[in-house]
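Features as listed in Swiss-Prot:
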{"type": "MOD_RES", "residues": "Ser22", "note": "phosphoserine"}
{"type": "TRANSMEM", "residues": "91-111", "note": "transmembrane segment"}
{"type": "TRANSMEM", "residues": "116-136", "note": "transmembrane segment"}
{"type": "TRANSMEM", "residues": "159-179", "note": "transmembrane segment"}
{"type": "TRANSMEM", "residues": "194-214", "note": "transmembrane segment"}
{"type": "TRANSMEM", "residues": "223-243", "note": "transmembrane segment"}
{"type": "TRANSMEM", "residues": "311-331", "note": "transmembrane segment"}
{"type": "CARBOHYD", "residues": "Asn340", "note": "N-linked glycosylation site"}
{"type": "TRANSMEM", "residues": "364-384", "note": "transmembrane segment"}
{"type": "TRANSMEM", "residues": "410-430", "note": "transmembrane segment"}
{"type": "TRANSMEM", "residues": "435-455", "note": "transmembrane segment"}
{"type": "TRANSMEM", "residues": "476-496", "note": "transmembrane segment"}
{"type": "TRANSMEM", "residues": "518-538", "note": "transmembrane segment"}
Amino acid sequence: MSSPDRSIDIDLEKYPSTATKSVYGQSKDDKNVFDIHPTESEVIPGEVEYADTPSHQNFLQKFFSDFKPVKADREDGVALKRHLKGRHMQMIAIGGAIGTGLFVGSGSSLADGGPASVIIDYTLIGIMMFFTVYALGELAVSYPVAGGFYNYAVRFIDPAWGFAVGWNYFMNYFVTFPLELTTCAITFRYWTDINSCAWITIFLVFVICINLFGVRGYGEVEFILSTLKVVATTGFIILAIIINCGGVPTDPRGYIGGKIIKNKPFRHSFKGFCSVFTTAGFSFSGTEVVGLAAAEAEDPQKSLPRATKQVFWRIAIFYVVSLILIGLLVSPDDPRLMGNSSDGSTSPFVLAIKEANIRGLPSVFNAVIIISTVSVANSCTFTASRTLHAMAAKGDAPRFFAYTDRLGRPLLAMAVCLLFGFFAYINAAGDVSDTVFDWLLAISGISNFFSWGSINLCHIVFRLAMKKQGRSLDQLGFVSPMGIWGSAIGLAFNILCLMAEFYVSLFPIGSKPNANDFFQGYLAAPIVIAFFIGYKIYDRSHIPSLSKLDLDTGLRTYPPKDKESEKIRDAKGFFKWIWQSLC
């Protein structure tokens, strides 16, 4: 066997298993890969293991055999498979979170805050996410463990806080799944009045089928759907520029320029400005999934830094540029916007095309919205099931949810998430469904800010502990070029967003302070606090000191020649540093 190119900090005396060519981030045929594969009783916590599957079976035998538990049932329950390739990670990063928050939710933001508020707030949230994803990228490359930032919060902040944000993160995507299925059905009203339950059934079955193929199915579907979303959004940007410049013969408005945005840049004064933060946060929901997917990536050390850098371009192009153009083309007073109408089949993107009197294209983009919604629904089941699986493996959720079958599927965690999708059928209950979905949406409303703030705080504590213990950043596979200050800025932004939403929830637009509006806007906060205090009372956990913080378990180190971060650190000149950081 050739000498290893990577150094893995595992004590061979403690883990005397044989060294084999194996799976950490590469195919088994890669002679440059060296892996220490421990025995079943000597499992290294946080590592992802390949499950053995029987050979010489026919299709039906293999199908049913795949549902059996993995051969090695580990304490942390991590038996997921590394099947996400680099191209999957790239598209999850670029287009994974582009969905109803951008295409539909931006309509209510435009109606509530006006185009200037939308552009400013989405840009601020984009900057915050830029810092957050880089911090997550550094942590995920160093610790590519199942559960992502939930495990980081348990380790670096406090077990009680990890428990609270873990359940908060799970419930966010758990309740969003039926909401996305309902949005799919409602969007079809643009063409037909067929009962929404029919469309819910079709898309629910589709998502269930995707999950039967495990993480490989998720990766392939997300790759295809994200590609379609990216192409469609790029096409819209080009078309919107042509419309604004008066290049569409069917548009009687001619050259538009900045007429619309100058007329009413802001709506509802400061309250309107603050109200957009929640919708913007929902629009960026899922950006952090690329870190969660690290546990199932073939080579997180190579694919994660590249995927992390793509987030900047997604924010800059697909969010900021497209919303600037929406502000130039769609009036915030348009009664068809989501904020002013119960008709969920329209979005500002569709309205911008319809106002130019272009036939056919509004239907095409409405189809893109449906594709985006299916993509988000697919991501919801992936994210919720993996988070529940990780919590169960650590004892923060019922243990049976840690069950993993031979294909690496967290079967029971996945099943409970998919079963909750049937809750979408309550849409047939009329007005009752609106009330139910309002409260479900309230659970996920501001939960993202707790998750993203925790990621930044984990990175800050991680860096401080590294410094306190005299560790060098040279051993890390990827180093965030924004450093600890980038995470501090990201954390501050999250706190400001929580404060802004508290203000709007307490003093809602167009009405007096009332308990109903407050809890529909801020319900996630008391839920997180209740989980945190409850765990503290039960377990009496404590915040670990920086000098005693465990930095070794699950840590992956790499020689300098194999590190993506070396390119950034060695870059000469400011502009080259910028290029290496973003490309």
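Placed from the backbone N, Cα and C atoms, the Cβ positions cover glycine too.
With pairs at least 6 apart in sequence, the transmembrane segment (364-384) and the transmembrane segment (410-430) have 3 or more Cβ pairs within the 8 Å limit; the two touch. Long-range Cβ contacts of the transmembrane segment (364-384) within its own chain (Cβ-Cβ under 8 Å, at least 6 residues beyond either end) map to 95-100, 102-104, 169-170, 173-174, 176-177, 180-181, 183-184, 187-188, 190-191, 203, 206-207, 210-211, 215, 218, 221-222, 225-226, 228-229, 232, 236, 286, 289, 292-293, 345, 347, 349-350, 353, 413-414, 417-418, 421. Highest Cβ contact count with the transmembrane segment (91-111) among the listed stretches 194-214, 223-243, 435-455, 476-496 falls to 223-243 (criterion: pairs under 8 Å).
Taking residue pairs at least 6 apart in sequence, the transmembrane segment (435-455) and the transmembrane segment (116-136) share three or more C-beta contacts under 8 angstroms. Outside the transmembrane segment (435-455) by six or more residues, the chain places 128-129, 132, 135-136, 139, 149, 152-153, 157, 161, 165, 168-169, 171-173, 175-176, 178-179, 182, 278, 281-282, 284-285, 288, 291, 426-427, 429, 490-491, 494-495, 497-498, 501, 519-525, 527-528 with a CB less than 8 A from a CB of the stretch. The recorded stretches the transmembrane segment (159-179) and the transmembrane segment (518-538) share 3+ CB pairs below 8 A when only pairs 6 or more apart in sequence are counted, and are therefore in contact. Packing against the transmembrane segment (223-243) from elsewhere in the chain are residues 87-88, 91-92, 94-96, 98-99, 251, 256, 317-318, 321-322, 325-326, 328-329, 349, 352-353, 356, 361, 365, 368, 371-372, 374-375, 378: each is 6 or more residues past its ends and has a CB under 8 Å from a CB in it.
For the transmembrane segment (518-538), the residues of the chain that approach it from at least six positions outside its boundaries are 159-161, 163-165, 167-168, 171-172, 278, 438-439, 441-447, 450, 498, 501-502, 504-506, 508, judged by C-beta separation under 8 angstroms.
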